[in-house]
């Protein structure tokens, strides 16, 4: 299961079980279904949870984490400020902690640049939370906020990043930043690869990890396009599924794929995709096919 360990630019390390593969709770709904699907992902070996304020299922993610039996420190938790109900970053962060029932969040993201009236001001608010978290709030404070949590300890805040930031957005942020974002989570699949090259280049220069959401769109939402042929050929040759090939392609591009499925066998396949190594010819063929179908995004 060689989804590689990943070291972020702030020095934090995500182990192979929580590093370069992630399970997203977007579109998993509310109630028992997201709890069950996330526990299924944990059982398969995916220990990175990706949720957000506006997915409205942070409480379910927290339940799944606590019921998994996996030590908290072995699960990497990402959530995002989505400006839900117009709430500011600091208030939203505290609400996310409470919703998740956790004492800390591993990675907190701005869900989109358009949510910020002023990007530099937004990022300064994120940096304040990161810096203030180092003060380590007392356990009494935790008890007041997290009486239903099994994760008692000191509140602290680990890493901060962004999502859906384009070049001009990131440049505004970097011009004033004390802490460089550790990740930029963006739409990423073969049909948008060329379009995303400028932001990929900038992030690489700044050691910002790319998290790739919706990497399976060519087979799940846009089947029948130019990418089908090379992906199918590779899948047949290696004896794997087309979605596994797309995940291997995303990994080869240096990204962290964010996926989800309620189907147990598909999730197991996502984990096994970490074993696949595509040839340079495979990658080039998928790249070229993706360029032919740029409107299928």
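From the backbone N, Cα and C atoms, a Cβ is placed for every residue, glycine too.
Just so you know, TrEMBL annotations never went through curation; they're auto-generated.
Pulled from TrEMBL, these are the features on record:
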REGION    1-32  region 'Disordered'
COMPBIAS  12-25  compositional bias 'Polar residues'
DOMAIN    23-136  domain 'NADP-dependent oxidoreductase'
ACT_SITE  55  active site, proton donor
SITE      80  site 'Lowers pKa of active site Tyr'
BINDING   111  substrate binding site
DOMAIN    158-289  domain 'NADP-dependent oxidoreductase'
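Structural mapping of features recorded in TrEMBL.
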residue	record	Cβ within 10 Å
55	active site, proton donor	23
80	site 'Lowers pKa of active site Tyr'	28
111	substrate binding site	21
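Between the CA atoms of the residue listed as 'active site, proton donor' and the residue listed as 'substrate binding site' there is a gap of 11 Å, rounded to the nearest whole number. Cα-Cα distance from residue 111 (substrate binding site) to residue 80 (site 'Lowers pKa of active site Tyr'): 5 Å (rounded to the nearest whole number).
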